[in-house]
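Chemist: Got a structure for you, questions after.
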Amino acid sequence: MKTSFKLAISYMKRQRGKTTALLASVGLSVMLIFSTNVIRDSGYESEVQEAKDLYGDYTVRFDGIDKNLVDNLSKQPKVKSLSKIKYFCEIVNTDNGVKLDLNSFDKAYIDSLKYELVQGRQPSKDGEIVIEEKALNQMGIKNYLNKNMDFMLLNKYLDDKEISQIDSTNKSFKVVGIVKKPDKYYESINGFKTQAFIYKGSNLPIKTEDTYKGTIYLKSENDMSSFVQSMIKKLNIDWGHIYENIELLQAKSSNEANKINIRSIINSVILVIVSIVTTYNIFNIILADMINQIGMMRAIGMSKRKIKKMFRVSSTIYITLGTLLGMVAGCIFSYIGVWVVYGYSSKIVIEPLSIILSFTVSIIAVSISNFITVRKAIKISIIDSIRNSDKYKRKSKNVNNKIKRSNKSILMKFVVRNMLRNKSRTVLTIIAISMVGTMFIFNYSAMNLLNANPEIFGGVGASSYGNVDITLSGNLSNTESLFYKIDDSIINKIKDESRVNKVEPNFYNKGGYLLIEKDKLSNDYLDELKRVGSNYNKEYPLLVKGYSDSLFKNRDSFIKDKTNIQDLKPSEYKQVILVNNFYSKLKHSFSNLMSDVKVGDVLEIKLPVYKNGLEKYENFKVQVAGIMKDTYISSQDGDSTFKGGQIILKEEDYKELTNQKDYNRLFIMSEKDKLSSVEKELEKIVKSHFFTSIGGKNEDKKLTDELNGPEERLNAIHQFLMFIILSVNIIFIVRSNIIAREKELSIFRAIGMSSKSLKKIILLESTLYGLISSILSTIVATILYNRHISRMNNISLDRGFTNTVEHHIPFKYIIMFFIISVVMCLISVYFSKDKLDKSNIVEGISKV
């Protein structure tokens, strides 16, 4: 063992350059897999902490349950502590529609949600209120502390007959305190609900909910899901009334999901393959220089077993040193990586799995390379080993003579000779580069496909906007549609935006009901209601819109069996266009809502209206003047996800029925390819305008970017480092070929060939690796990409959408990969040219 160790160290010292290259190859591979996992673990650990800081560090939350159930929860053995508040109703600023939950004040509850009382004090008597600062800012109110504010108290509930009711009244409150959350809290993909708090003994002039909401700290966070499931069964309540800390759960689960997703697994497999190829090639180069010495050692009596042991020792050293160096470099790189991927610095989290995976990669790469190399060394006879001088075998000479006869270019002949010198090494290198290139072209092309076609591949909602690119409307959780408005000043600012082609204001309210017997509904709709556990009875959700004459004219092509609603004379009933479709998640397609309806039928509806200073429901009868084609809901105006019927009134009729005067939704049409830039401008315009929400074709993309953004940036780093490993591979292949053919190169220089011409040989050789790999990557990636397009088109068509994307070649990313390949080649040339600059003609010619 001692002899094998000394021999291994001796050869490693003798081949310092190649030893360094091999350690660099192993170290880079380890750094890549180690830093990828450390960056992900560190980032997600920070996200978990951020979720606790922004949304609360409680474990479980409950909402809408009575006091007896709250008391039952507090007595559970797994509960560490519980805080609760009483929920009364909602309050609405009728000047702008901003809406808040009205609750009793409890400091423990507020603290558990990480609210901060930044001004004033808690309410101590009836008529005092503490309000969330964000809501006050959105109302446009300044210097609000100790001011009196008028609100409408609003309570929507089901009566004993399961009929929807509204109680409302007006009340003035004195603002005695302000609670605040960080701005990032309001960017949550799960949405938010603004809060207001009053004295727990307040007397309100309205029927209020006798329910409670609160937070629970469990003795162990690990019991979060099991506790919720057990309470749902034990207390006979549903998930909407008791649930985990959603943001905390998402932060914890997203890390695990991304670790085991297909793309991460494929990247890891490719990394291992690239590492094996690079390590094998460098081992092969080292072996070429050792074969003669191995033959000598065997000639003087060294056994094959001892030679194998020597290789095993050297492999162990490469694995240990390479892994340690890779992990140290990975730690340093991870600090930078966390900032790049997640946008903030973080403490580095090193899980045991990251260390295990690092050693696994290096062990696999080095062991496989060592096994193949040792077998090759042992198979060569002692005499052949001693005689070995890395010359072509007879077969190779014949091949090269044919090349010489068919190719006049001595440079190209030399390049091809070098590449054919070790066919397996060349083929493996090209395959490795091609695999990385294929993933690069396919992944980024598929990502760009979604970004460029949100109206087709953006999901059910985003795919249904048609010629509408962007919508503005009130945030559903924090505004009341009947009072929310988009001011003329906002509309005019948007119209003046140069990248906006057209703006169409309209009315919109999701709070209506269709009054109809259950037997007149389609089976598909009833099945969908069962799926979501709905208890609707005689009243079913209805989306009510109010369109101008110009909007009706633009939607005319979608109306079937129609009467021209613009030309209708006043009659007993208001005339409507009916949308009799909804999206069924059971069938994954659009279905009819009512089983039998036709033009001329009279429907009874219930709408929220504003009369005599109060909001209430009123029933109306309307007549169907036209029915939208099935294609309307899937391809125009973006309301495809609404779980009910839809009707469109003339805007004059809508205003007359509801007494709503101001538009509360905008359709915006932007210039081609300017959608994202227009959205960014709109965000600035409506930043403080009554909780205005921006929707449209990009709405699903924004959600996807929020969820997958860090992982996409992590994958980009992953591929960047793999390109570096491949560059190291090419550099040492080219350098070894120069060393192997030093005598021939020296002869070329002796007969007058310039150093510049010889450098062209290096450039041509390295470029050929990149060119061949680019061609292979292009072919494979284009096939995969177009299969992906076919699959996405079929999914879209199966859902009932009509738009598809034509098959095409992703030239943009093919060109990008080719440029990357060329850069890799130039790097290899730069690091290899010194072998030519430092070579001595006389010494080169004299070599055997």
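Just so you know, the numbers here start at 1 and follow the chain as drawn.
Placed from the backbone N, Cα and C atoms, the Cβ positions cover glycine too.
The domain 'ABC3 transporter permease C-terminal' annotation in TrEMBL covers 268-382, 720-830. The transmembrane segment annotation in TrEMBL covers 269-295, 316-342, 348-372, 427-447, 720-740, 761-785, 813-831.
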Chemist: Between 0 and 100, where does the mean pLDDT of the domain 'ABC3 transporter permease C-terminal' (720-830) sit?
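Modeler: Its mean pLDDT is 79.
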Chemist: Using DSSP, break the domain 'ABC3 transporter permease C-terminal' (720-830) down into helix, strand and coil residues and give each count.
Modeler: 94 helix, 0 strand, 17 coil
Chemist: List the helix, strand and coil residue totals of the domain 'ABC3 transporter permease C-terminal' (268-382) as derived from DSSP.
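Modeler: Tallied per class, the domain 'ABC3 transporter permease C-terminal' (268-382) gives 100 helix, 0 strand, 15 coil.
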Chemist: Quickly jot the same-chain residues contacting the transmembrane segment (427-447) by Cβ under 8 Å, restricted to those at least six beyond its ends, or write none.
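Modeler: Result: 263, 266-267, 270, 273-274, 277-278, 280-281, 712, 715, 719, 722-723, 726, 729-730, 733, 769-770, 772-774, 776-778, 780-782, 784-785, 788, 810, 812-814, 816-817, 820-821.
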